[in-house]
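Okay, so here's the structure we're looking at.
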Amino acid sequence: MDYVNIRRQAASIRKGLFDQGYLDEQFYQLEDLQDDASPNFVDEVVTLFFRDSLRLMANIDQALDKCAKDFNKLDVYMQQLKGSCTSIGASKMKTECTAFRDYCRDENIEGCMRSFQKLKREHSVLRQKLESYFQQLRQAGPIECATRPSK
Amino acid sequence: MDRADADEEVQFPAGLRVLVVDDDVTCLRVLQAMLRKCRYEVTTCSQATAALALLRESRDSFHLVISDVHMPDMDGFKLLELVGLEMDLPVIMMSADARTNIVMKGIKHGACDYLIKPVRMEELKNIWQHVVRKKWTDNNRDVEHSGSFEEGDRTIHNNNTNINNNNSNKRVAEDAEYASSANDGGAPDGSGGWKSSQKKKRCTVKEEEEGETESADPNSSKKPRVVWSVELHQQFVNAVNQLGIEKAVPKRILELMNVPGLTRENVASHLQKFRLYLKRLSGVTQHHPGLPNPFCGPVSTNIKGGPLGRLDFETLVASGHIPPQALAAFEEELFTQNGSKQPVREIAFGQPLLTCGPPTTLTRQFPQSNSSNITINPSLDMPSSFSNWPSNNDLAQIIHHQQQQQQQVVGSGVSVPQPSASLNVQPSCLVIPSSQQMNTYQSSENTILASQSQSQGSGFQTGRGSLVQSPMMLPSQSLSSLQRVGPSSQSYQVKQGPSVITSQPSISGNSGYTNAGSVVDYNNSLISTQPKNLRFGVGQIVDEELNSMTAVSNNNSFSMPGMMSGMVNSGFGFNGARMSDNNRQGRRNNLGFVGKGTCLPSRFAVDEIESPTNLPNFSQIGAGDLVNPENFGLDGQI
């Protein structure tokens, strides 16, 4: 296996995620927390995030279906999701969460729905990219974990 | 030694015990990693109710709480207040919500800091300052308070005006014990840094406190601490009832009570706590309608309804400390305002009363589990007659039985923190070899103590005060593990407690209860104005006759570690107070029942015994220490 190339690819994915605004500073913090004691920390947290966010988004979906006028509830769910996004540094998703909450505040249901669709897309894109990133990392071997490049 | 000091410095603030509460598992995981990197000991909890139960169970287990603002099962601010009132721990709020008004709300509710998510490592590295600051401030306050009435007045005034301000509530003027306990904290575990620094403070404060408690002369320069015994509290309550809660002012109450040596400040402080307690009751009630307590089978949820409802009172009544009529009247008054909601609601002290033995009556004692509390009433089906202390085996069985019950009960809908809540809680049960009397309020005066003395063989520690050490205490090991339960059940009724304590046959065991009784009532409402264990601020007067463990000893009588604290703390905590020699043991728990907190899980007591590290060991506490229950670990633990 060409570890060098794999690692390069991983690094490239990672860089792209930052450059394109999918990830922000917080992700660096996660990477910093990874060490010998928890060598897969970032991967674990990200996995946890995607699992939990799916659940939250399902709740929102359901809420939009059943009680579309309950903006408070929608806001609460979205707040939870936003909190999660900030915890891993999912920047674009976080922005979309904020937009959704703004629509909630304005009681604009169409806006909410549009925003939510966008959020789901962002979620999906981010997940795909991160999954491929971690996959590369795993293939590349433990040597080069998600080390932060010199900032 | 220099070396030791150096080590301490290096370690400090490592070992800080932090409880993180957040429904967001991702955030929880990240915070956990960050805090671990700071070398803190982290416990995470994804449910506020579970966290509260855990805290109640063992107040001294944590130095600091970090909580999210928006949580599904309980508002973060409410948790903040409760923790402040009951346990007097510093609480840091955090949220992705950076709106100024929300942050302001956090401050108003008493948060010592407010972090905006995403939380960075640098911010977490500094959280220890809140713990230290709080302790020092409390110590100073106590010191000041003891020195002058003016200070106390000011504090009381502050408290009165900032009801929701946890910090000021916590600083009850007379809460010197709290201060001392706050200082404690250095159990000889690995975190040398914390411990020694804590110990130093504690020693200083303790000296002052002891000096104060020794002196019973209210006019002496050092203000003696008033111990709000059951009787005294009953008088207080009667006076308040007579005046009407709205119109009850300290001066008039003092006049009505007509207790020599009692000062207006004492009453004012106590009144404040009491008001908070009531407020809690009503506030909590609305917020979390009390769930019928599955555990308390026969117990009616309504306090008035049964003796069970209010354990404390029951016990108190049973023990003769409170005339039944007074009790009824009191409860009537107390809960009328709240629509007779079970005050327990809040309290759900963690420790389910794991009554060893006969305890059927125990069930009664368990307060209703509040929705906010995960209470597990382990001992629903305890054997009814407890003639003698069960052997350890029996106890183990009982505990196991109770645990099973708990499990069942838990399943019955009470929100119990599940393991998934990242909280590993075991049913907390107070295993108290207490005589059945303890559990049932009907029991004769002897209640716990008496039984305990009988069961001397069981390993009760009859020594003075050394509750903790009593082997009876269930093999403390097991006890502690029992207590570990998260959703502590309402056992705050621990009354069963005394088991441990003092071998003194003096009934004081009852007192333990009685106090508990009274405490319980108050406790329910989390009034615990004193976050510390009961520190009722009122001071505890070492009461010679305490041997009989009259109510005061609540704490003492319960050797059950949890009990004491839980019990006493839970309510008003005024019961803690009397520390007689006999009650030494109890002291920990309950001085003052100041609502602190409810439930000091018996586990706590056990823990103390068990692990000197986390709490000032009882064993380490000398006779003089008894005076200040706070000294027992609970408080100082940090």
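In case you wondered, yes, glycine gets a Cβ from its N, Cα and C as well.
Heads up, TrEMBL stuff is auto-annotated, nobody curated it.
Some features that TrEMBL has for this protein:
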type	residues	note
DOMAIN	B:17-132	domain 'Response regulatory'
REGION	B:141-224	region 'Disordered'
COMPBIAS	B:141-156	compositional bias 'Basic and acidic residues'
COMPBIAS	B:158-169	compositional bias 'Low complexity'
DOMAIN	B:220-279	domain 'HTH myb-type'
REGION	B:448-508	region 'Disordered'
COMPBIAS	B:451-483	compositional bias 'Low complexity'
COMPBIAS	B:486-508	compositional bias 'Polar residues'
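On the 0 to 100 pLDDT scale, the model's mean across the domain 'HTH myb-type' (B:220-279) is 79.
Helix, strand and coil counts under DSSP for the domain 'HTH myb-type' (B:220-279) come to 38 helix, 0 strand, 22 coil. DSSP labels the residues of the domain 'Response regulatory' (B:17-132) in these numbers: 57 helix, 24 strand, 35 coil.
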